[in-house]
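Engineer: Per Swiss-Prot, the feature chlorophyll a ChlzD2 binding site maps to His118; the stated evidence is sequence analysis. Look at Swiss-Prot and you will find Gln130, Asn143 tagged as pheophytin a binding site. Residues or ranges marked as chlorophyll a PD2 binding site in Swiss-Prot: His198. Annotated plastoquinone binding site per Swiss-Prot: His215, Phe262, in sequence order. According to Swiss-Prot, the Fe cation binding site annotation covers His215, His269. For Thr2, the entry in Swiss-Prot reads N-acetylthreonine, with the evidence type similarity to another entry. Residues or ranges marked as phosphothreonine in Swiss-Prot: Thr2. Summarising the annotation, Swiss-Prot assigns transmembrane segment to 41-61, 125-141, 153-166, 208-228, 279-295.
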Amino acid sequence: MTIAIGKSSEEPKGLFDSMDDWLRRDRFVFVGWSGLLLFPCAYFALGGWFTGTTFVTSWYTHGLASSYLEGCNFLTAAVSTPANSLAHSLLLLWGPEAQGDFTRWCQLGGLWTFVALHGAFGLIGFMLRQFELARSVQLRPYNAIAFSGPIAVFVSVFLIYPLGQSGWFFAPSFGVAAIFRFILFFQGFHNWTLNPFHMMGVAGVLGAALLCAIHGATVENTLFEDGDGANTFRAFNPTQSEETYSMVTANRFWSQIFGVAFSNKRWLHFFMLFVPVTGLWMSAIGVVGLALNLRAYDFVSQEIRAAEDPEFETFYTKNILLNEGIRAWMAAQDQPHENLVFPEEVLPRGNAL
């Protein structure tokens, strides 16, 4: 037996190397350097949302009840945006508005900026987590690239849009019914459904759902029968080394259905990645345009003709009138601080009123 005497040739690890070893260690839930951003931000964003929807009123910012404590349910509770008078203030707890008073900070809408900013950085941390893990196991980074779509939509809707308007007040509040109100607002004040970027977004998301359904059904239909099990998967073995389904059979089937079909898996799966991510990015670009109050597809000639000819009406002119109704009814309720009062004769009336 040989005994080595003397100092180890290994250099002592520095702080960075020690942290790197601990953060990137193989464990049940990977932490990583991205976790230093993801986990605290996700914790604070979710904690702020649960706190706000449970306890905090929107009486001082919107004149509304918005918490479980006030009688709201899961669909009507929300963390509401700050008052319009606070413009684009970050509403820091220690800032000049709240001056360290937590109750006052909640009343002013401080939880909304808290949730929005921590939520944005939490999403970015999640994307970085996918980059980091992909690099660790030597994968391509397409998962992270795909997740840039939801991040772009979140940042454009919750941060860039209100930055282009007069304040955070015009961003969506964090709640189900609150988001519905925001959608109605977008339609009435921006004619959003006729915006080509919205159209591309809808085509991307619904097209992706269609592709996902077709792809899943096709794979199920062409699974190799490799056992005597009774269910769809037969005796499918999760560790089998051979191919699970027949691409050749799938190609023949869709060639007969449509006349064209994907001939290789790489192009097929890239297309399934490209369609929804591009749709989400187009929507985000469109919302940035709305932040600047850009308009799209105003068919003025139809509006003029409809105004001159009582018998001429299109679905477009009908929608324009509906948008005017949304604005007239919504503005006074939605922006109580403006003290808007519309004469009775200008408010649109349905047949039942």
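Just so it is clear, glycine is given a Cβ too, placed from its N, Cα and C backbone atoms.
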Engineer: Please report the Cα separation of Asn143 (pheophytin a binding site) and His269 (Fe cation binding site) in Å, rounded to an integer.
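Structural biologist: Rounded to a whole number, the Cα-Cα distance is 12 Å.
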Engineer: With a Cβ cut-off under 8 Å, give me the same-chain residues at least six positions beyond the ends of the transmembrane segment (125-141) that come close to it.
Structural biologist: 24, 30, 32-35, 37-39, 41-42, 147-148, 151
Engineer: Mind checking which residues of the chain, 6+ beyond the ends of the transmembrane segment (279-295), have their Cβ under 8 Å from one of its Cβ atoms?
Structural biologist: 148-150, 152-153, 155-157, 160-165, 186, 190-192, 195-198, 200-205, 207-208
Engineer: Can you grab the distance from Phe262 (plastoquinone binding site) over to His269 (Fe cation binding site)? Cα atoms, rounded to a whole Å.
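Structural biologist: Taking the Cα atoms only, Phe262 (plastoquinone binding site) lies 10 Å from His269 (Fe cation binding site).
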Engineer: Residue list, the transmembrane segment (41-61) vs rest of chain: Cβ under 8 Å, 6 or more residues beyond ends.
Structural biologist: 67-70, 72, 77-83, 106-109, 111-112, 114-115, 118-119, 121-122, 125-126, 169, 173-175
Engineer: Please report the Cα separation of the residue listed as 'chlorophyll a PD2 binding site' and Gln130 (pheophytin a binding site) in Å, rounded to an integer.
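Structural biologist: Distance between the two Cα atoms comes out at 28 Å.
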Engineer: Could you tell me the C-alpha distance between Gln130 (pheophytin a binding site) and the residue listed as 'chlorophyll a ChlzD2 binding site' in angstrom, no decimals?
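Structural biologist: So the alpha carbons of Gln130 (pheophytin a binding site) and the residue listed as 'chlorophyll a ChlzD2 binding site' sit roughly 18 Å from each other.
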Engineer: Compute the C-alpha separation of His269 (Fe cation binding site) from His215 (plastoquinone binding site), stating it in Å without decimals.
Structural biologist: 9
Engineer: Around the Cβ of His269 (Fe cation binding site), how many other Cβ atoms lie within 10 Å? Please give the count over every shown protein chain.
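Structural biologist: Other Cβ atoms found within 10 Å: 14.
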